[in-house]
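Annotated features, as they stand in Swiss-Prot:
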BINDING   N120, E123, N149, E152, E181  Fe(2+) binding site
BINDING   E123, H148, E152  Zn(2+) binding site
TRANSMEM  5-25  transmembrane segment
TRANSMEM  32-52  transmembrane segment
TRANSMEM  61-81  transmembrane segment
TRANSMEM  109-129  transmembrane segment
TRANSMEM  137-157  transmembrane segment
TRANSMEM  171-191  transmembrane segment
TRANSMEM  195-215  transmembrane segment
TRANSMEM  236-256  transmembrane segment
Amino acid sequence: MSVPLILTLLAGAATFIGAFLGVLGQKPSNRVLAFSLGFAAGIMLLISLMEMLPAALDTEGMSPVLGYGMFIIGLLGYFGLDRLLPHAHPQDLVQKRQQPLPGSIKRTAILLTLGISLHNFPEGIATFVTASSNLELGFGIALAVALHNIPEGLAVAGPVYAATGSKRTAIFWAGISGMAEILGGVLAWLILGSLVSPIVMAAIMAAVAGIMVALSVDELMPLAKEIDPNNNPSYGVLCGMSIMGLSLVILQTIGIG
């Protein structure tokens, strides 16, 4: 097994660390759940708007029309899917109930897993291809990816655990998001990385950024606010953004940002 593939596997596996942190101890309270949802929204917003979209637009040969167009397609695609899937909206979670509906929370967690997985898949390809061309650079990227995969695993496992009460189920769903990154690395390994077009990758990144922004503002943040009307969800958003920002600073400090 090649070193670049091993680095990609380790970076994706870091998601499980966050998953285990998300299920330790007692079943999360509503305040913890709201915080974790806000935390996830902060992660997604910062990654999408400060990392993925700018990187896509800066790709050589990528036109602003295509980049922003794919971003909008991602936004509209999410809202279209959201309309097709019947579900309870956030305000329904507190209507005539003091506790949120587990099914609604589980659905949100699944959508969160999908959004993070869509982000992690091209990220796995990028990690492998970069490490294949420059191993030292690959080590740095794998480290930064692993750092932000830990809170992503926590953000997925917390809501699933609260909805189901099952640690195995929570770890399973969190693991899926990490496996998506590993799958991306394996795919890049199978096609030797050279066939991955930078323009195609940039277009995918822009669309996924749109999906993640829509998921954050339409699903995660409103649901967190309904579960805990106090400031706790806002703290989660700020913490998520801060941790993601720190990982990006580390990335730039070691010279690969």
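Any Cβ shown, glycine's included, is placed from N, Cα and C.
Minimal Cβ crowding within 10 Å, among the binding-site residues E123, E181, is found at E123. No contact links the transmembrane segment (171-191) to the transmembrane segment (61-81), because fewer than 3 Cβ pairs that are 6 or more residues apart lie under 8 A. Counting Cβ pairs under 8 Å to the transmembrane segment (236-256), the top-ranked stretch among 5-25, 32-52, 61-81 is 32-52. Beyond its flanks by at least six residues, the transmembrane segment (61-81) meets 53, 198-199, 202-204, 206-215, 218 of its own chain at Cβ-Cβ distances under 8 Å.
In sequence order, T15, G18, A40, I43, I116, N120, A174, S177 constitute the residues six or more apart from E152 (Fe(2+) binding site) in its chain with CB-CB distances below 8 Å. Tertiary proximity for the transmembrane segment (32-52) is limited to same-chain residues at least six positions away from its ends with a CB under 8 Å from its CB atoms, namely 22, 100, 105, 108, 112, 115-116, 119, 148, 151-152, 154-156, 158-159, 162, 205-206, 208-210, 212-213, 215-217, 220-221, 223-225, 227-228, 232-245, 248. With a 10 A radius on its CB, N120 (Fe(2+) binding site) counts 28 other CB atoms from all the protein chains. Remark: N149 (Fe(2+) binding site) has A11, G12, A14, T15, I17, G18, N120, G178, E181 as non-local neighbours, by Cβ distance under 8 Å and separation of at least 6 in sequence.
DSSP gives N149 (Fe(2+) binding site) a helix state.
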